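Novice: Mind having a look at this structure? Questions to follow.
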Amino acid sequence: MSKGFLVSLEGPEGAGKTSVLEALLPILKEKGVEVLTTREPGGVLIGEKIREVILDPSHTQMDAKTELLLYIASRRQHLVEKVLPALEAGKLVIMDRFIDSSVAYQGFGRGLDIEAIDWLNQFATDGLKPDLTLYFDIEVEEGLARIAANSDREVNRLDLEGLDLHKKVRQGYLSLLDKEGNRIVKIDASLPLEQVVETTKAVLFDGMGLAK
């Protein structure tokens, strides 16, 4: 690659993004692709500290706008410190959540103004958008059941939210898919992991122009 390529992974809780990414990494490295994987919120020291505040299950009193602004602050620091340098170095950067999460969770889920969120995203990223977004779609009930069955996964504040919020979040993602279908590709995350990995690999390789 002559320049970097930015991929974001999105989806409701329990969609299995992390498991797919773990399976893809050795395949990409075998292809000789320089890959940086990172996550939001987090990715850098300041971002991880903000992540702790956002996801702490005891912070049930957090206001929706406070939550949004914390995500935006983490996003900016993460980009400047880690993502942009990697893209400038020509690497493939795969982010576990990015700008679409704010629209889905704080916009559709919390009911905050979408235009305000778009402006804040623009402000924090200087207009940077992913070259490709992989949206892992799963029914809300199935995703939450996966989380409940996974004893290794630490429960966070968002996991404790009611079913209604998670359904609104999924609708937010589907709305984004309709609006930006040229950038966002939907992947059926309810299928067995091996199939999800193969589909993701095919979509990613096609987007990057890599031979399968």
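The chain as shown is numbered from 1 upward.
Using the three backbone atoms N, Cα and C, a Cβ is placed for every residue, glycine included.
Swiss-Prot lists G11, P12, E13, G14, A15, G16, K17, T18 with the feature ATP binding site, giving sequence analysis as the kind of evidence.
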Novice: Would you identify which of the binding-site residues E13, G16, K17 has the most other C-beta atoms lying within 10 angstroms of its C-beta?
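Specialist: The most densely surrounded of these binding-site residues is K17.
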Novice: Measure the Cβ-based neighbour count of G14 (ATP binding site), defined as the other Cβ atoms within 10 Å of its Cβ.
Specialist: 24
Novice: Translate the DSSP assignment of G16 (ATP binding site) into the three-state scheme.
Specialist: coil
Novice: Relative to the mean position of the Cβ atoms of G11, P12, E13, G14, A15, G16, K17, T18, the recorded ATP site, which additional same-chain residues have Cβ within 8 Å?
Specialist: F136, I138, G143, R146, A189
Novice: Starting from the Cβ of P12 (ATP binding site), draw a 10 Å sphere and report how many other Cβ atoms land inside it.
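Specialist: If we count other Cβ atoms within 10 Å of P12 (ATP binding site), we arrive at 25.
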Novice: If you count CB neighbours within 10 Å, which one among the binding-site residues A15, T18 has the smallest count?
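Specialist: Checked A15, T18; of these binding-site residues, fewest Cβ neighbours within 10 Å: T18.
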Novice: Which ones in the same chain are close to G11 (ATP binding site), with CB under 8 Å and 6+ residues apart in sequence?
Specialist: K17, Y135, F136, D137, I138, G143, Y173, A189
Novice: What does DSSP assign G11 (ATP binding site), in three states?
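Specialist: DSSP assigns G11 (ATP binding site) to coil.
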